[in-house]
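These notes concern the structure reproduced below.
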């Protein structure tokens with residue numbers, strides 16, 4: 001009915017995991033936001049809005065996705081390290097902005113002079129904490145591009161005061177797909193102490209909660225025991241959660257073109273690759289794969305590969321799987337985050353459709369498959 005490649009999401013799982021986030025911070029005055037970079041479909045954002053979430057946006061595009069979902073400006077936090085002047089003029093009415101650098105403060109000073117109105121600001125701190133995750137998604141080490149080093153905080157605050165900019169607290173976000181609670185405890189405790197020193201009543205602790213792609217998920221009971229108590233004295237705690245909510249709620253369905261056998265390997269060739277799910281190629285990330293209609297029940301070692309003209313177009317290597325029938329389908333697990341939002345048109349392929357399984361169990365198309373007219377619409 002919907003063809004392939006196809007992303008499918010579960011409304012039930014999205015709501016369940018959104019409620020787990022809120023329950024983890026029970027007793028805290030929480031402002032929960034959904035990180036739109038994980039999945040930008042307004043239909044999914046609307047579900048999170050219904051669960052009491054605002055949004056964390058990095059770009060004007062994510063802001064527009066939020067507005068399509070009915071998110072009010074007062075429920076939006078603007079994040080990121082490369083905010084351009086034009087965007088700053090448009091997004092000056094959001095609730096909070098996480099300022100990434102002293103140089104960015106200079107830009108907000110110009111916007112303030114021009115418009116007389118800017119949002120309340122958090123300073124993003126770089127605590128130099130190793131999140132124990134993939135280097136591409138580590139954001140809290142000194143060598144990473146994000147945040148203000150702790151020894152430059154005084155300079156940043158003085159710059160803000162001299163510019164009549166309102167700093168309301170500190171922000172910290174050390175990375176993504178973090179499955180150990182210790183890096184969170186280390187980074188957040190540093191920023192809590194810094195907040196006390198400067199008498200800030202608000203704090204933004206970011207996100208980064210890791211999910212079980214293979215064998216480990218962040219232990220939220222430990223997180224609740226070690227991290228949450230650090231936050232009890234704050235008048236407001238902001239969090240940005242993306243992958244944890246939508247990652248396990250989504251799967252990617254791909255059609256098997258054929259099984260290719262050589263003297264060296266067996267390849268399952270499917271109709272989508274790094275154009276629809278780039279994480280394995282970009283990060284060496286693991287995703288569980290199910291063969292939906294195997295030819296035989298016996299498992300052998302295979303590589304699952306896409307159709308693109310890249311040797312790196314690989315979805316899984318050295319995986320023990322049943323051999324599928326030609327024309328049958330495979331299902332890729334935990335594909336709800338950083339799947340469609342990182343999809344591309346490489347090799348002039350079309351981005352896939354998306355379907356939501358509602359709480360009533362009904363499938364609903366929430367994004368049409370691209371057409372070739374869509375692909376070349378902007379050509380002049």
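Just so it is clear, glycine is given a Cβ too, placed from its N, Cα and C backbone atoms.
According to TrEMBL, the active site, proton donor annotation covers 309. Sequence annotations record features per position, and here TrEMBL assigns pyridoxal 5'-phosphate binding site to 208, 240, 241, 242, 243, 338. For 243, 279, 283, 310, 338, the entry in TrEMBL reads substrate binding site. Per TrEMBL, domain 'Orn/DAP/Arg decarboxylase 2 C-terminal' is recorded for 7-336. Among the features that TrEMBL reports, domain 'Orn/DAP/Arg decarboxylase 2 N-terminal' is placed at 14-246. Here TrEMBL flags 37 as N6-(pyridoxal phosphate)lysine.
When the CA atoms are compared, the recorded positions lying within 10 A of residue 243 (pyridoxal 5'-phosphate binding site) are 37, out of the candidates 37, 279, 283, 309, 310. The residues near the pyridoxal 5'-phosphate site, meaning same-chain residues not in 208, 240, 241, 242, 243, 338 whose C-beta sits within 8 angstroms of the mean position of the site's C-beta atoms, are 35, 37, 38, 176, 207, 209, 244, 245, 337, in sequence order. Counted over every protein chain shown, other Cβ atoms within 10 Å are most numerous around 243 among the recorded positions 37, 243, 279. Once Cβ contacts within 10 Å are tallied over all protein chains shown, the binding-site residues 240, 310 are led by 240. Over all protein chains present, the Cβ of residue 208 (pyridoxal 5'-phosphate binding site) has 30 other Cβ atoms lying within 10 Å. For residue 309 (active site, proton donor), the same-chain residues 6+ apart in sequence whose C-beta sits under 8 angstroms from its C-beta are 347. Spacing of residue 310 (substrate binding site) relative to residue 338 (pyridoxal 5'-phosphate binding site) is 20 Å (Cα to Cα, whole number). Here is what falls inside 10 Å of the CA of residue 242 (pyridoxal 5'-phosphate binding site) among the recorded positions 37, 279, 283: 37.
Shown in sequence order, 37, 38, 39, 243, 247, 279 are the residues of the chain, 6+ apart in sequence, with a C-beta less than 8 angstroms from the C-beta of residue 338 (pyridoxal 5'-phosphate binding site). Mean model confidence of the domain 'Orn/DAP/Arg decarboxylase 2 C-terminal' (7-336) amounts to 93 (pLDDT, 0 to 100 scale). Of all the binding-site residues listed (241, 242, 283), 283 has the fewest other CB atoms within 10 A of its CB. A gap of 22 Å separates the Cα atoms of residue 240 (pyridoxal 5'-phosphate binding site) and residue 283 (substrate binding site).
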